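In what follows, a structure is listed as structure tokens, so that the remarks can point back to it.
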Amino acid sequence: MSLIPSSIRLLRLLPALSSTSVLMFALDEHLIFGTWMHPTLRERANTTLPPWWTKGGLRWRWVIIIGYPLTYLLGILNLLVARDELQATGSTLWYTTGLLFSIAHMAYVGTALNWIANIENGMPKGNVTYSMGNWLKMNWTRALITDLPAWVCFITAALKVL
């Protein structure tokens, strides 16, 4: 197998891999951050969450800063490289739809940043878990509406073309 066909096959698979990582990150956020909502932890969470989120955000933000743009780039590259192959296998629609679902994740940025600001600033005072609960609901909804369908589309596209 020559380098060019192998490279194209790898390119076809990469959006599925990158969207898997961002979907897993969203699931990890839900599982790990949701622990703060347990009734036995709420009182401590209301004082600990603001600094924890502020410090943690500096550590995990790279997943978002790299993961989504990488998925966009890989989706676009797939639509541009060996387009006749995509057309012949019916994968063009799947890569396009996966890309659009992935981009749709950013429609939630304003809402997400508002809830995050509330958490980091300890708002509402004495009940930060209220903001955390709302962020968790928004994050789960966003994952189900954007990240999961993007992942399914990219997996389907790769399976059709490979």
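Cβ atoms here come from the backbone N, Cα and C positions, even for glycine.
Here's what Swiss-Prot has on this protein:
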SIGNAL    1-19  signal peptide
CARBOHYD  ASN46  N-linked glycosylation site
TRANSMEM  62-82  transmembrane segment
TRANSMEM  99-119  transmembrane segment
CARBOHYD  ASN127  N-linked glycosylation site
CARBOHYD  ASN139  N-linked glycosylation site
TRANSMEM  142-162  transmembrane segment
Inter-residue Cα distance where the pair is ASN127 (N-linked glycosylation site) and ASN46 (N-linked glycosylation site), in Å: 6
Note: among glycosylation sites ASN46, ASN127, ASN139, least Cβ-dense neighbourhood at 10 Å is ASN127
In Å, rounded, how far does the Cα of ASN127 (N-linked glycosylation site) sit from the Cα of ASN139 (N-linked glycosylation site)? 19
Using DSSP with the three-state reduction, classify ASN127 (N-linked glycosylation site) as helix, strand or coil. coil
